[in-house]
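J.: First the structure, then my questions, so here it is.
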């Protein structure tokens, strides 16, 4: 156990975590040059295409240090995006140390701080690494000063490297062996293993990733899940060496996987403790905080025959994505579907894309919303995240909406533009300070509903890509909320209803009407598209009718003949309008999701 090191790589988005992990794997000779590919640990196509890490991945690296001893380094590559910070917190519980990567050109950014605080909460030893020193714009001395002064980390531990070229990677591996502590635990004690992740394999069932705190486990053992008491027979144990590699036993201090023919998704909840039936441990390990969903949207299959497939797909996705929640939902316009909870808009996009790609289901999503708290006139409170469940306005005493504390790191020259953006989004209690010369940390309290829409894109736009953003939920505050209904041909479309602040209702209504006008095909009769709050129409647009030239066969002659034909056409269109249904194409629902620029 003295020769084991368990560590994570944490950083802001695009600071080079996955690239450094690739170089470490190459340096340790785990994979041949022929089998190597970039972003080796990012298994999903969507991760490779977007250049982001969504799912934490584990790999076991054998390494011979400069003292000549063989060490086992268990590396966990983590995501950098704020939506997936729960993946980071789960990965950190299985480690004793972390590499904190900072870009030599960008310096310390918002997510760098957030992930550092997560590591400190877990009492991890931290080795700062300044990456991308090969860039022409790199300023390693300046960034080293930032790390020492802003983060309070030891400057003597700072490692310089270029993950792209491989410079400095060997020194980082030596530093891990030298400065990170070995795991503590007793291999002879009763088994205590913490599940920190799980993946679904269609042939082998659930693959659980575990960190053994005490004891040993081998194939043939009967394991017990401590919270549920369910028991399974272990089929295989092993380590992650890019691919799974079976072993006879796993011992205290090691990070590996267990296969036990587990078919049900719910049993393998991350944070669960596993022990042996024959020699159980006395107490379960401290688990994880339940992750809080902040964005809610309804998902429906475009083809209603795909509903059963969607049920299966969500169940399987839930195993790989502990933060996803869903419950059954139905809509007059779209049929049966699910109301899902997500960690943010990127998480929502990723789930949608994975369902469409991996399970080949075409989907439609409703407008995202957050969870509001209503106090009703009879004194009861009601949590609402779906516009369909909006209480009767005459019974509402008070509405509260979630607020976040946003930390925005920007170059000084963009201060005015960012302040305007925050004020547009109903920002409050703005403060700022200078972490380093020329850079400002702008702290602002914002309604979450204003952030989930397109705040991150707008921030990147006004700061020309230099702004970074992190947030945490703080509390619920009183708000003036209304339900915005969209009516097509005087019929409300429930799937397009939105909960919005009264100040933004007209703007959002106009945007939705204009988007629908572009997407709904013209009919033989005029279609009115309206946005209404209760009985008051706040925005309206019309789709003009297609017109057949009924007077084409009239050559001159009496005007009354033309008028008679036009009146006859008008009466026919009026009759058509009263009985005609307007089919709203799927693209129209997606268009309403697009935020106003």
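Each residue's number is its place along the chain shown, starting with 1.
Backbone N, Cα and C atoms are what each Cβ position is placed from, and that goes for glycine too.
It should be emphasised that the depicted structure is a prediction, and the values quoted were computed from it without experimental measurement.
For reference, Swiss-Prot lists these features for the protein:
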BINDING   14, 15, 16, 17, 18, 19, 131, 132, 133, 134  GTP binding site
DOMAIN    2-184  domain 'tr-type G'
J.: Checking the spread of the GTP site as listed (14, 15, 16, 17, 18, 19, 131, 132, 133, 134): what is the longest Cα-Cα distance, in whole Å?
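T.: Between the most distant Cα atoms of the GTP site, 17 Å.
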J.: Could you tell me which of these binding-site residues, 18, 131, has the greatest number of Cβ atoms within 10 Å of its own Cβ?
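T.: Answer by Cβ density within 10 Å: 131.
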J.: Going by DSSP, is residue 131 (GTP binding site) part of a helix, a strand, or coil?
T.: strand
J.: Specify the secondary structure state of residue 18 (GTP binding site) as given by DSSP, simplified to three classes.
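T.: SS state of residue 18 (GTP binding site) = helix.
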J.: Run through the Cβ atoms and count how many others sit within 10 Å of the one on residue 16 (GTP binding site).
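T.: Residue 16 (GTP binding site) is surrounded by 24 other Cβ atoms within 10 Å.
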J.: If you average per-residue pLDDT over the domain 'tr-type G' (2-184), what number do you get?
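T.: Here the predicted model's pLDDT, averaged over the domain 'tr-type G' (2-184), is 77.
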J.: Counting only residues 6+ apart in the same chain, whose Cβ is under 8 Å from the Cβ of residue 133 (GTP binding site)?
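T.: Residues satisfying the criterion: 104, 140, 160, 161, 162, 167, 168.
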